[in-house]
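Pulled these features from TrEMBL for this protein:
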TRANSMEM  A:28-58  transmembrane segment
DOMAIN    A:86-302  domain 'ABC transmembrane type-1'
TRANSMEM  A:90-112  transmembrane segment
TRANSMEM  A:124-145  transmembrane segment
TRANSMEM  A:173-196  transmembrane segment
TRANSMEM  A:233-255  transmembrane segment
TRANSMEM  A:281-302  transmembrane segment
Amino acid sequence: MQSTSIDITSKKALRKMKIDEIKKHKHLYIMMAPYALLFFTFTVIPVFMSLGISFTYFNLLEPPRFIGLENYMKLLLSDDEFIIAIKNTLILAVITGPVSYLMAFVFAWLINELKPKMRAFMTLIFYAPSISGNAYLMWLIIFSGDVHGYANSFLIRFGFIDNPVLWLKDPDYILLVIIIVQLWLSLGVSFLSFIAGLQGVDKTLFEAGAIDGIRNRWQELWYITLPSMKPQLLFGAVMQITTSLAIAEVSMQLVGFPSVQYAGHTIVTHLIDYGSTRFDLGYASAIATVLFLIMMGANLIVRSFLRKLGD
Amino acid sequence: MKKIKIKKSRKLNRSLGGDIFLMALLLVFGVFSAYPLIMTASNAFKPLDELFRFPPTLLPRNLTFDNFRDLSELMENSWVPFTRYFFNTIFITLMGTVGHVIIASMAAYPLAKYKFPGKTIFFSLVVYSLMFSPHVTATPNYIIISSIGLIDTHWAIILPAIASSLGLYLMKQFMTQIPDDLIESAKIDGASEYRIFWQIVMPLVKPAWLTLVILLFQRLWTTDGGSFIFSEELKPVSYALRQIAQGSIERAGTIAAVAFVMMIVPVTFFMLSQSRIVETFSHSGMK
């Protein structure tokens, strides 16, 4: 009995301490308030709203009507386009995710060996595609299906093919085109993060390593550089995973929306189809929730794997 | 001048063969990366017949500014004055980037330098939000924005952009490296928290401002208003340019000019502020 009353008083005291602490830091909360308000309104609350709406039929005109798991049943059991979308999304993510991550690291690592001016120039060359607005539409001309498309004319001239390939219309090539363009666009913030991380590696470690028997650049990379860059590598992984699972713009602009035989259809284009074209917001929210779970799942699994690595 | 020949010793742990192989790799992918951008730029300065010449020329043979002249003529004949579209884009981009830098920095400072109840959970929410793309929240965002009456205003684009979590994350990481002594000694001198933030912290994190600006700039500069803005006189320039681009084949030159204009602004900005932006990313690491 006595112990519980002590518990209660100590709980009270604790709560008072907490309130005092909040009061003491009042100005900090005030400073954070504008951001927090916007962040909750446009990011945190929408995640829960999306979950809620996914159990309803909602078309913006009538109030939402609760229909339980119907959207999910339809989505996972009878929506053939969604199955294609999942398949394409996973293929794109499994290829562009790791490859772009590797490219970002390898190029950052190679650029790091260059002299400062050359380093700045090459950084610009690799980073520019990701900030160039709609410049990726140049790939429409490169992969144009007639003989004047740059890719076709090049391949015909050197005898690889006899007839022009319909890169953007042939289901056999659509994913390949999306992968190439997506990789071209993919050296973004993680690339910059790796460049900065490499410049921050303690140079004396290399000399110490040489004394300890490190003989070539590969050993140096494995035993010194990679372990010292772990925080940047984790950050880069999050960025690349999220991007690689969200491919949509490139597909819609290059191979069309919808693409031939849905060959370029992804979870996000499926979401846009139901959300913005058909105004079936309940169903779109179910797609969004599945997408959310896939993205979070992939990120958390890869993160815990990378964290363990080298420990 | 007498030249002294010194046998140049190779850098530590580097072999000539490896150097050549890796630099060749860098060169090949450098060309892959640069080629579409060079073509975008060069097509903007080609006369129409050269645009369709085959094989495509890497640099224009007869350099011309006709495409830009055609573009500005089309702009003058547009129903809504073109300056209006430009104003819309500039307003969205300016309010969005300035708002983002100020509001995200204000939130980043307490997260970077203080311990207080709720800090850990708030920051983990920010980190988790990096793990999914904005598509996930697009539908509820539309509902929220329409219910607070922001549909068909520029704020429908600006406000969600200000709350971008990547900017806050990078700013917070960058602020962590400001020495505590600096803040402590200002406090001893009697400066208020707000003054410390504006007069000591903000000037020190200028490199991070530029980073936040470039990340948001590219997003806002190319926005077409999406489903949020439908009044013609409120549409941004990239929407209007796309309408122009949807013309017939003789518009090919104009389209190239448009792509060039949209590309060159963010790329130039990055070129000028590159070293500071890279500096910001040295603190981007995650645990």
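Including glycine, each Cβ sits where the backbone N, Cα and C put it.
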Mind checking which residues of the chain, 6+ beyond the ends of the transmembrane segment (A:173-196), have their Cβ under 8 Å from one of its Cβ atoms?
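That would be 88, 91-92, 95-96, 99-101, 103-105, 107-109, 111-112, 123, 126-127, 129-130, 136, 139, 143, 165-167, 229, 232-233, 235-237, 239-240, 243-244, 247, 250-251, 254-255, 259-260, 263-264.
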Given a Cβ distance threshold of under 8 angstroms, which distant residues of the chain, six or more beyond its ends, lie next to the transmembrane segment (A:28-58)?
22, 64-72, 280-282, 285-286, 288-289, 292
Quickly jot the same-chain residues contacting the transmembrane segment (A:124-145) by Cβ under 8 Å, restricted to those at least six beyond its ends, or write none.
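Tertiary neighbours of the transmembrane segment (A:124-145) are 107, 111, 151-152, 164-169, 177, 180-181, 184-188, 191-192, 250, 253-254.
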